[in-house]
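Colleague: Please find one structure pasted underneath; my questions will follow.
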Amino acid sequence: LLGRCKVKSNRFHGPCLTDTHCSTVCRGEGYKGGDCHGLRRRCMCLC
């Protein structure tokens, strides 16, 4: 979706395999949630 702010998680390490785990880590960082993104499967948090 256009217009959504995403930033790379600071606490998530390794390949992002599940959106649920990524979202949990992002919420722990104070973001709204997150998901795995891109070819390199990085955890991106929604701000």
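The backbone N, Cα and C atoms fix where each Cβ goes, glycine too.
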Colleague: Please work out, from what Swiss-Prot records, which of C22, C26 forms the disulfide with C43.
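Modeller: Checking Swiss-Prot: disulfide partner of C43 resolves to C22.
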Colleague: When you check Swiss-Prot, which of C5, C16 turns out to share a disulphide bond with C36?
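Modeller: Partner cysteine, according to Swiss-Prot: C16.
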Colleague: According to Swiss-Prot, which candidate among C5, C45 shares a disulfide with C26?
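Modeller: Within the candidate set C5, C45, Swiss-Prot assigns the bond with C26 to C45.
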Colleague: Let me know how many other Cβ atoms fall within 10 Å of the Cβ of C26 (disulfide bond).
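Modeller: By my count, 25.
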Colleague: Using a Cβ-Cβ cut-off under 8 angstroms and a sequence gap of six or more, which residues of the chain neighbour C47 (disulfide bond)?
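Modeller: Listed in sequence order: C5, K6, V7, Y31, K32.
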Colleague: Could you round the CA separation between C22 (disulfide bond) and C45 (disulfide bond) to a whole angstrom and send it over?
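Modeller: About 8 Å separate the Cα atoms of these two residues.
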Colleague: I'd like the number of other C-beta atoms within 10 A of the C-beta of C22 (disulfide bond), please.
Modeller: 23
Colleague: Going by Cα-Cα distance, which of the disulfide-bonded residues (C26, C43, C45) sits nearest to C16 (disulfide bond)?
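Modeller: That would be C43, the closest of C26, C43, C45 to C16 (disulfide bond).
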